[in-house]
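Worksheet for the structure shown next.
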Amino acid sequence: MKELLNDFFLILQLLTRIPVNRNLLCRRENFRRGASFMPLVGVIVGGIQWIIYKLCIIIFSLNVSIVIVILAGIVLTGALHVDGLGDMCDGFFSFKEKGKIIEIMKDSRIGTYACLAIIIDILLKYSFFCSIVPSFSLIIIIAPVMSRFSIVFIAFIGKPAKSTGSGNLFVENIGKWQLFWAAFITVITLFFLMNMNFIYVIILIFAGLFMSFLFNVFCNRKAGGLTGDLLGANNEIVEILTMVMLCVIITK
């Protein structure tokens, strides 16, 4: 139990800015086991955002409340995944060779494509939240749960693009059991949040995993594999896709 708590808090500390303030073991196996808890981190992040929405909507309009919810998500994660999306777009749309693409993604300076990607990402989230949240506010929790599970999946099927880096803590380090427990947490969580509609749960999970599979193929061609930035980019892409799927399901 002590090891499980260590691994959970390690992943929570890595993926969020929530102050854990614990001396944690940070060995490679801790990150491997901790990957199982990524969907649970999504529950925590999304849950906090959902509570913020419920409080804000009492005082503010829908538009203002959604802006605050999105801002809260960025603050909670330290813009970790959004930054990965921006770095990916700067690298991939430079149309350079693989080595140069990885070098561009490591550059701390932000480029035009990164700016555009981040703006579009936030606008899409804002638009889908405004469309769906009034009738189904639990999308605020469902989207980050599904997107964190997709990180586990793509890290399981992918290969590292470089010999060192934060992405290597998970890529080719996650085993079948970690994928199984992450899937179990995701399915159970979505099952209850989706009013026990198993068909909708399967649709969301299949869509997210299929997108991650395609994104992995794309990353192999462009960068030769996955990096930490590309894991973050996959998170954002699947989060938006989940919103698209929920928009279709809820409004049909």
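Cβ atoms are placed via backbone N, Cα and C, with glycine included.
Pulled from Swiss-Prot:
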type	residues	note
TRANSMEM	34-54	transmembrane segment
TRANSMEM	55-75	transmembrane segment
TRANSMEM	113-133	transmembrane segment
TRANSMEM	138-158	transmembrane segment
TRANSMEM	174-194	transmembrane segment
TRANSMEM	198-218	transmembrane segment
TRANSMEM	230-250	transmembrane segment
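When each of the listed stretches 34-54, 113-133, 138-158, 174-194, 198-218 is scored by C-beta pairs under 8 angstroms to the transmembrane segment (230-250), 138-158 comes out highest. Among residues of the same chain six or more beyond the transmembrane segment (138-158), those with a C-beta under 8 A of the stretch's C-beta atoms are 15, 35-36, 38-39, 41-43, 45-47, 49-50, 53, 69, 73, 81, 128-129, 132, 167, 170-176, 178-179, 182-183, 185-186, 189-190, 193-194, 204-205, 208-209, 211-213, 215-216, 219-220, 225-226, 231, 234-236, 238-239, 242-243, 246, 250. Sequence-distant contacts of the transmembrane segment (55-75), counting only residues of its own chain at least 6 positions beyond either end whose CB sits under 8 Å from a CB of the stretch, comprise 17, 45, 48-49, 82, 122, 125-126, 129-130, 133-134, 140, 144.
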